[in-house]
Amino acid sequence: MAEETDEQQAPQSTFSTYMAEGEQLYHKAEYKKASDSFTAALQLQPEEKNCLVARSKCFLKLGEPECALKDAEASLQIENDFFKGLYQKAEALYAMGDFEFALVHYHRGYKLRPEFQGFRLGIQKAQEAIENSVGTPASVKLENKTDLQFISRQEESKKAKQKAQVKVQKKDSKQQKKVDPERSQKTVRQLLGELYSDKEYLESLLRDEALVKGNTRGGVKLHDLIINGILYLDTRSEFWRQQKPIYARQRDRKIMQQKWKRDKNKSADPSQYIVKSLEEIDQLLSSGKAEESYKKAQLVLKKVERWTSVDIHNREELTGSLHSCIGNAQMDMGQIEAALQSHKKDLAIAEKYKLLEAKSRALDNIGRVYARIGKFNEAIKVWEEKIPLANSSLEKTWLYHEIGRCYLELEQTAEAKEYGEKSQQEADAAEDIEWQLNACVLLAQAEVKLKHYQSAISSFENALERARLLHNKDAEQAILVALEDAKQGMEEQQESEQNNDENDNLRADGNTARDEEEEDVHVQRTEEDEG
C-alpha cells in the first residue's frame, strides 16, 4: 500500500520530456499519442502557449477542428499577438469551413509576421475557398489605407439561404426571395448530389410542428436532431469544391459525356462504364469524399490503360481526363505537388494528341495550383498560354481577372491594371454583373497603387453600383470604405502637389534674390578696382 502511494506521488516525467515525446510522435504521424503527451505536459504547465499550439495541431490532424480551435484560442489568451496561435486559429477555422473568419486571422498574422510563409499561403487558399465554394465567382477583394484587406463575400442569397434551412419559411419572405435566387438552389443541389433529397426531407420534417416537439427514446429533442442534420449538410456544401467553380466542372463532365453519347446504348461497349464512372468520380469529389474519388479514378485509369484504341475510341482523351480528376482530388486532399504532376500529365497528353479542350482544362488547373501556393509568376505564364483557348466572354473575364490578381500580388501594378481593364471589357460583353463587380474592384486597386486616384474613385463607384444591383451589402460597405480612402488619398496628393509648388516658388524667389546680391557685390568690386 505504501509502495502504491509512493508511485502515485512520484512524478512520471518532466514537462520537457513530455514535449519532446509529443513532438517525436507528431513527426511519426501518431497524432493521438502525441496529443496525449502534450496533454500530460499541460497538466504540469497549463499556460504554456507553445504546448497548446502543438496539441491544437494534433487535434487538427485527428479531424477535431473544434478542439484545435479551443487550444489555439487558449494560447492567444496568454499572449494576444502570439503569431503561432493566430496561425493555428486560422487553420482550425479554415478546417471548420469558416473561410472568411479564417481569412481575417491569416491577415492579422501576416501583418505581425510577414516573413512567415504560412500566412501568405493561408490568405491565398482562404480567398480561393471563399470565391469558389458555392460554385459561382462572387468575391470582392479590396484594400484600404491601413492594411491589405480581402473582403470576399458570397451573394447575399448565401446567408439568407442558410437561415432558411434552419427556420421555417415564412410566407411574407419577399426580401429573402431577392437574395436567394433559383440558381443558388441549383448550386446547392449540384454540390450535395444525392444528399440534396435528404436535405429536402429534413426541411419538410422541420415544418411538421407536431413532430419537432417530440423526443427520442434517449430524451433528445427531434427538433435538435433535424437542425443538426441540416446544419451538417450546409457546412459540407459550404466547404466542398473549393478549388474549382461548378460551371467549370460541369463543362469538363459534359465534354466527356458528349464524346461517349453515341455509344451509350451498346451494352458491350466499355463507354457506358466510363461515363458512369466519371459521374461517380465527380459526385464523390463534390460530396467531400476526395480520397474515395481519387481511388475510384485510379482504378478506372488502370482499366483504361489495359484497353487498346480498338476496345475504346478516344482512349488518350479519356486518360487525360482521368489524370485531371485525380489532380482535383489530390488538391482537395492537400497533396499539392502530386496534384501539379497529375495536371501536367493531362497537359502532356492534350499537347501530344492536339486536344484543345483538354489543353485548356489542364492549363486552367495548373494555374490554379501555382496561384494557390503563391507562385504567381508561374501561374501567370500558364494562364497567359490559355488565353487563345478561352472561348466565351465569361471564361475570358475570369482568366483576365486571375492574371491581374497575380500581377497585383507581385506589385506589377501597370500589368494588373491592364488585365483589370480586359476583364472588365469581357464582363461587360458577358453581361455578368458579378464579374463586372470583380473587375471594377481589381481595376480600382491597381489605380490606387498607381496613385491614379481620380480613376480609382470612378472604378470604385462603378463597383458600388453593381454591388447594390446584387444586393450584396457586405461588398457595398467594403467598397464605401475603400472609396473614402481613395478620396482621402487624392486630397493628400493635391495638398502635396500644392506644397511642392509653393516650395518651388520660394526656391525660385530665393535664387533670384541671391543672384541680385551677387551682382551687386560684383559691381561694387569692379568700382573699387577702378578707383
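First residue shown is number 1, and so on along the chain.
Note: Cβ is positioned from N, Cα and C throughout, glycine not excepted.
Sorting each residue of the repeat 'TPR 1' (15-48) by its DSSP state yields 27 helix, 0 strand, 7 coil. The repeat 'TPR 1' annotation in Swiss-Prot covers 15-48, and the record cites sequence analysis as its basis.
The feature repeat 'TPR 2' is assigned by Swiss-Prot to 50-82, with sequence analysis given as support. Across the repeat 'TPR 2' (50-82), the DSSP tally of helix, strand and coil residues reads 26 helix, 0 strand, 7 coil.
According to Swiss-Prot, the feature repeat 'TPR 3' maps to 83-116. Secondary structure of the repeat 'TPR 3' (83-116), assigned with DSSP and counted as helix (H, G, I), strand (E, B) and coil, comes to 27 helix, 0 strand, 7 coil.
Feature annotation from Swiss-Prot assigns region 'Disordered' to 161-185 (among others).
Residues or ranges marked as compositional bias 'Basic and acidic residues' by Swiss-Prot: 169-185 (among others).
Residues or ranges marked as repeat 'TPR 4' in Swiss-Prot (evidence: sequence analysis): 275-307. Break the repeat 'TPR 4' (275-307) down by DSSP state and the numbers are 29 helix, 0 strand, 4 coil.
What Swiss-Prot lists as repeat 'TPR 5' is 320-353. The DSSP breakdown of the repeat 'TPR 5' (320-353) into helical (H, G, I), extended (E, B) and coil residues amounts to 30 helix, 0 strand, 4 coil.
Sequence-distant neighbours of the repeat 'TPR 6' (360-393) (same chain, 6+ residues past either end, Cβ-Cβ under 8 Å): 117, 120-121, 124-125, 128, 243-244, 248, 252, 320, 324, 327-328, 331, 336, 339-340, 343-344, 346-347, 350, 399, 402-403, 405-407, 409-410, 426-427, 429-430. The annotation repeat 'TPR 6' is assigned in Swiss-Prot to 360-393.
Here the repeat 'TPR 7' (397-430) is broken down by DSSP into helix, strand and coil counts: 31 helix, 0 strand, 3 coil. Look at Swiss-Prot and you will find 397-430 tagged as repeat 'TPR 7'.
The repeat 'TPR 8' annotation in Swiss-Prot covers 437-470.
Positions annotated as region 'Disordered' by Swiss-Prot: 487-531 (among others).
Summarising the annotation, Swiss-Prot assigns compositional bias 'Acidic residues' to 492-503.
Taken from Swiss-Prot, the feature compositional bias 'Basic and acidic residues' applies to 521-531 (among others).
Note on the repeat 'TPR 7' (397-430): residues 137, 141, 367, 371, 374, 376-377, 379-380, 383-384, 386-387, 390, 436, 438-440, 442-443, 445-447, 449-450 of its chain, located 6 or more positions outside it, place their CB under 8 angstroms from a CB of the stretch. Per-residue pLDDT, averaged along the repeat 'TPR 4' (275-307), amounts to 88 for this model.
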